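Asker: Encoded as structure tokens, here's the structure I'll be asking about.
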Amino acid sequence: MSTMRLLTLALLFSCSFARAACDPKIVNIGAVLSTRKHEQMFREAVNQANKRHGSWKIQLNATSVTHKPNAIQMALSVCEDLISSQVYAILVSHPPTPNDHFTPTPVSYTAGFYRIPVLGLTTRMSIYSDKSIHLSFLRTVPPYSHQSSVWFEMMRVYSWNHIILLVSDDHEGRAAQKRLETLLEERESKSKKRNYENLDQLSYDHKRGPKAEKVLQFDPGTKNVTALLMEARELEARVIILSASEDDAATVYRAAAMLNMTGSGYVWLVGEREISGNALRYAPDGIIGLQLINGKNESAHISDAVGVVAQAVHELLEKENITDPPRGCVGNTNIWKTGPLFKRVLMSSKYADGVTGRVEFNEDGDRKFANYSIMNLQNRKLVQVGIYNGTHVIPNDRKIIWPGGETEKPRGYQMSTRLKIVTIHQEPFVYVKPTLSDGTCKEEFTVNGDPVKKVICTGPNDTSPGSPRHTVPQCCYGFCIDLLIKLARTMNFTYEVHLVADGKFGTQERVNNSNKKEWNGMMGELLSGQADMIVAPLTINNERAQYIEFSKPFKYQGLTILVKKEIPRSTLDSFMQPFQSTLWLLVGLSVHVVAVMLYLLDRFSPFGRFKVNSEEEEEDALTLSSAMWFSWGVLLNSGIGEGAPRSFSARILGMVWAGFAMIIVASYTANLAAFLVLDRPEERITGINDPRLRNPSDKFIYATVKQSSVDIYFRRQVELSTMYRHMEKHNYESAAEAIQAVRDNKLHAFIWDSAVLEFEASQKCDLVTTGELFFRSGFGIGMRKDSPWKQNVSLSILKSHENGFMEDLDKTWVRYQECDSRSNAPATLTFENMAGVFMLVAGGIVAGIFLIFIEIAYKRHKDARRKQMQLAFAAVNVWRKNLQDRKSGRAEPDPKKKATFRAITSTLASSFKRRRSSKDTQYHPTDITGTLNLSDPSVSTVV
């Protein structure tokens, strides 16, 4: 008996313990719903979730309330009816009244304070995506701002690249604007990764994403948006995207109808609010709107939200030890520690079997991959004409009726026929001259005799840095202006031309030393909307092509180097330039060596003396002076009148010398013409790889233009970094300044576009281009991205190439060669070339005059010596005769003869005495009074 009792007690205890161990964990889920009917649906959805998961460990329990009339009552109800039940999550639907935005807010604030996750069911307002305000809010529907993804995809499908974004200046409008701009920027960043290498192809396309031409905002509740819509009407875009409340949308529709902006050519893309309620009454036919599929189906969202919570609860309880949620709000300020973890599990959930489709959340807790119906208002009724499946738009174009009753897709833009053209002063492509006093342009003619086509262009009268700038009307003409006139006539548009304000082509520069970069020059004006088109010698490069559209190149070119031409200067010794000084010395030495050899050969040869017969005396052999005269005469090809060598050996040498002289003279004559007439090739730059460029020094300065495509090219090329560092210190503000610096010898080399430099070299004969072209590219017309004119401009340029118009422009403006015509003229010698020869003749005359005086002086001196010797011989003879007479015993000499002898001896004695006293004085025989009387009979007799 006692044993039976013990067994019974043991069985009872074991059963009680087993029941305690088998009881599932109760997980309460709260809900704030619209009606009692939806509360019943909520309980059924919870029961279905329990059955679906079939877990004996977890049991979901439904706790719900309905909406309260105000926020305070709603917050109290959440605390008293839901949080007090220790709910793990709260589901909340949007209030049934469309203008009541407060009911989800108190639920989100109250539950968020304790970090209890809140799942919105039909709440679409974008404010709930802000996690700094709504900490624990998730939702199974996307916000209104996510409609921007559908608009963006429709723009891509229909190739609408020009849009106007019209938004209300509230949180909803700003959120839609921000999301759309983010999508546009993402597409833009992807397109920038393209490699634009084949710029020569017309098919190099820029399939960019759409871009908002303008964003127009208006205050919520405004009653007059006419001025705003008039501004939109002046733009090119005809695709208008509207994000506004129902009442604001109705205001916009009424104003648009009055401005005739709802007819043919326009496209209106709107969201769900803009085709609901009061807005639908004023919406124009043809408008395209969106409707979220199951967006207002509260029952479907209840089922999906419960399924997501149930899946997350099971996942959380199986992996983590969780704490219990807070019980009530009174006196409880502690947050639920497991709440943030549970929220992360919910956000990472992927519920594939939802009634509304696949349920996933993004980082803001908003629904991803929502499906939309694309609606078209036709005859005041909304007709579905396509769907958005979460990633792509699938339209049914045959069912769409566009504004104005059109069935063909509008192109989405209107082409303005009045274009603002920006250009830059760059000869020969654009000349800039002041206007006449009456405001007109001076009439001029081209080299072909045709009148020059000029247009009025406004711009600064001086673009040099630091100078005052005044915008004045000026006259522009040249290659690009003729091209602009041709394009305007072909494509039927008008234009107004202005010069770029800062005088630059365009490059990116930092703003206020920040990381932000902006374009300057013509690029900046085009991107900022100050210009519609750039018609100038703008080089096509990758950096610019990422931001603007380029047409087909109208001029192909590259980079080259401009240097100053070394003009040869004729010197007095220019006639000696054909031979080096060493050769001249050898020739001179040869002349004298040959002369000496001729003299010696003729002197020592037995046949060096010549006589006709034996009775005649032999002629003297060749003297040294005659040999010199012969040697020089043969060399200078002058006639030899006398003094020719007599011996056979000397004549052999003379013939060899004549051959030598012929070769020397012929070589000299040939080279003399080249040196006196033709330019000698100087040492120029060989190209970009020249050592003087690759190894820069302060002795050789080269540069380009600041903030130009050439500057960008050298900055981007790593292998040219050394050159760029040298150039950066010497770059000029404009090409004209740099070219003038080359002419003034302030700059040794200027690197720039070949078309410009070759033109300058052809017009300024002291300049020359050198080296081969490098960095080949082309000049193109610049337009904003996806400009409606791009294709037409490129086609027109292609036709101009085909029909020879571009060739004619080249001949008229670029290939006109002034210096070439001068260089092709026959070369003539000038006085400068032959001045040295005349100076040589003058030197010969001076030398001859100098030598004649020396000869005269020498002759007089020689004659005096000879006469002195004659007197001496006469005196000796007289003395000898007298001596003989004495020895023979003859009488005394005649007294007259004695007197004569005394006179002669006295004269000789005084002459020798004076000669010893002064060597430089010449003396002559004198008589007793100081003058020798040669007419004296006795003297003449003695002599």
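Any Cβ shown, glycine's included, is placed from N, Cα and C.
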Asker: From the set N389, N933, which residue is assigned the annotation N-linked glycosylation site by Swiss-Prot?
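Answerer: The N-linked glycosylation site feature in Swiss-Prot corresponds to N389.
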Asker: Have a look at 624-645, 668-689, 734-755, 822-843 and point to the one annotated region 'Pore-forming' in Swiss-Prot.
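Answerer: In Swiss-Prot, the region 'Pore-forming' feature sits at 624-645.
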Asker: Have a look through S581, S709, S794, S796 and flag the one Swiss-Prot assigns to the glycine site that P537, T539, R544, D753 belong to.
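Answerer: Glycine site check in Swiss-Prot: besides P537, T539, R544, D753, the record includes S709 out of S581, S709, S794, S796.
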Asker: Going by the topological domains in Swiss-Prot, would K409 and H730 end up on one side of the membrane?
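Answerer: According to Swiss-Prot, which assigns topological domains, K409 and H730 fall on the same side of the membrane.
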Asker: In Swiss-Prot, C329 is disulphide-linked to which residue out of C79, C475, C476, C480?
Answerer: C79
Asker: Within the chain of C441 (disulfide bond), which residues six or more apart in sequence place their C-beta under 8 angstroms from its C-beta?
Answerer: K433, T435, K454, I456, C475, Y477
Asker: I need the nearest neighbour of C457 (disulfide bond) among the disulfide-bonded residues C79, C329, C819, using C-alpha distances.
Answerer: C819
Asker: Measure from the CA atom of C329 (disulfide bond) to the CA atom of C819 (disulfide bond) and give the result in Å, rounded to a whole number.
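Answerer: So the alpha carbons of C819 (disulfide bond) and C329 (disulfide bond) sit roughly 97 Å from each other.
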Asker: Measure from the Cα of C476 (disulfide bond) to the Cα of every one of the disulfide-bonded residues C79, C329, C765, then give the nearest.
Answerer: C765
Asker: Would you mind reading off the Cα separation of C765 (disulfide bond) from C79 (disulfide bond), to the nearest angstrom?
Answerer: 95
Asker: Counting each residue once, how many in the topological domain 'Cytoplasmic' (646-651) are helix, strand and coil under DSSP?
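Answerer: Output for the topological domain 'Cytoplasmic' (646-651) reads 4 helix, 0 strand, 2 coil.
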Asker: Tell me the Cβ contacts of C79 (disulfide bond) under 8 Å, same chain only and six or more apart in sequence, or just say none.
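Answerer: The answer is T110, G328, C329, V330.
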Asker: What number of additional C-beta atoms lies within 10 angstroms of the C-beta atom of C476 (disulfide bond)?
Answerer: 25
Asker: If you count CB neighbours within 10 Å, which one among the disulfide-bonded residues C329, C457, C475, C765 has the smallest count?
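Answerer: Comparing Cβ neighbours within 10 Å for the disulfide-bonded residues C329, C457, C475, C765, C765 has the fewest.
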Asker: Provide the number of Cβ atoms within 10 Å of the Cβ of C819 (disulfide bond), excluding the reference atom itself.
Answerer: 16
